[in-house]
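Here's what TrEMBL has on this protein:
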type: REPEAT; residues: 67-109; note: repeat 'WD'
type: REPEAT; residues: 115-156; note: repeat 'WD'
type: REPEAT; residues: 157-189; note: repeat 'WD'
type: REPEAT; residues: 200-235; note: repeat 'WD'
type: REPEAT; residues: 244-285; note: repeat 'WD'
type: REPEAT; residues: 344-372; note: repeat 'WD'
Amino acid sequence: MTKLGEILALPPRVSDFWILNFTTFSKLATTKTRPHHSPTHLSPASLPFFHAFQPIMAEQLVLRGTLEGHTGWVTSLATSLENPNMLLSGSRDKTLIIWNLTRDDTSYGYPKRSLHGHSHIVSDCVISSDGAYALSSSWDKTLRLWELSTGQTTRRFVGHSKDVLSVSFSADNRQIVSGSRDGTIKLWNTLGDCKFTITDKGHTEWVSCVRFSPNPQNPVIVSAGWDKYVKVWELANCRIQTDHIGHTGYINTVTISPDGSLCASGGKDGTTMLWDLNESKHLYSLAAGDEIHALVFSPNRYWLCAATSSSIIIFDLEKKSKVDELKPEYMEVGKKSREPECVSLAWSADGQTLFAGYTDNKIRAWGVMSRA
């Protein structure tokens, strides 16, 4: 059992696909500046290892199963490379659930343990890279560190003056970052001590999302807020590195590619903007068509997935186009019934299953399948 304070400082586990391919893709995509920030067109032949993986157009996502256990919206999801049969979810019902995934035809999984402690909505959750601990943030103004083997809270993080909206682990699990409606970003150690509060050149409105880069060669924090800014911070001194400007509405979410080279942001304006974290510039934008609640990169394909108010959009980043759109079957029951919206996303570590949390309190598992 890993002791608190000795959380394994494992190196980032980045798939060979992203190491060999996406860094190359990112560099090639920024070799020229085109009108409207459009990158140079790339053919699959220009990506040396692309054909070692499944052709994008030959695949689709199919609903494989549903997980039921929450009594409120499923606001956040997290998976673990170390434990592929585990899924963690957070909800508006104030709880987190550790799921055991069976992937059976009759039942995709079952709740193994519920985590109780927060007194308000759970807004975000993440799992440490060793799979032993989880972090959660809540509208009760706190963070909690959980030992997953026991389901017990080992630390409470108190310091924000308003709802905490987002939380993230650093690549070595030794640092924690949080963002809040109080407009601040806080950096913590695993003992629950706030080591630094970012206010200088910070967000002027709610901090909706914060993420650590998984790349130890470029240790940065990316944040997004309702002030329409995406900000990149140097981890070493917590100073602003780049202000990314372009969104016309508040931003709900940011996500970073597994190799740390790219960042994607989305929110009210229905546009996904892609940013090069190495070159500190905008690459291009993708229209999702509706407000974006969550974004996630595939770990082993050129896909960016966007959860919007109407569906889940799968973008092919090489072709810069939609390749799939996911909507669960919906039967209207009564005048007050509403079509469920996806508000959280997470890929399985092997890239074969996309987990999606919905406003009907369910988690749906979409599996990658070859097209007939």
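Each Cβ is built from the backbone N, Cα and C atoms, and glycine gets one as well.
Note: TrEMBL annotation is automatic and uncurated.
Touching of the repeat 'WD' (67-109) and the repeat 'WD' (244-285) is ruled out by the presence of fewer than three CB pairs under 8 A, sequence neighbours closer than 6 excluded. When the repeat 'WD' (200-235) is classified with DSSP, helix, strand and coil residues number 0 helix, 18 strand, 18 coil.
Note on the repeat 'WD' (157-189): residues 7-12, 120-121, 123-130, 133, 135-145, 195-199, 202-216, 219, 221, 223, 225, 233, 235, 238 of its chain, located 6 or more positions outside it, place their CB under 8 angstroms from a CB of the stretch. Model confidence over the repeat 'WD' (200-235) is summarised by a mean pLDDT of 95. Outside the repeat 'WD' (200-235), and at least 6 residues removed from its termini, the chain residues within Cβ reach (under 8 Å) are 11-12, 14, 165-172, 175, 177-181, 183-185, 187, 241-245, 247-256, 258-261, 263, 265, 267, 273, 275, 277-278, 280.
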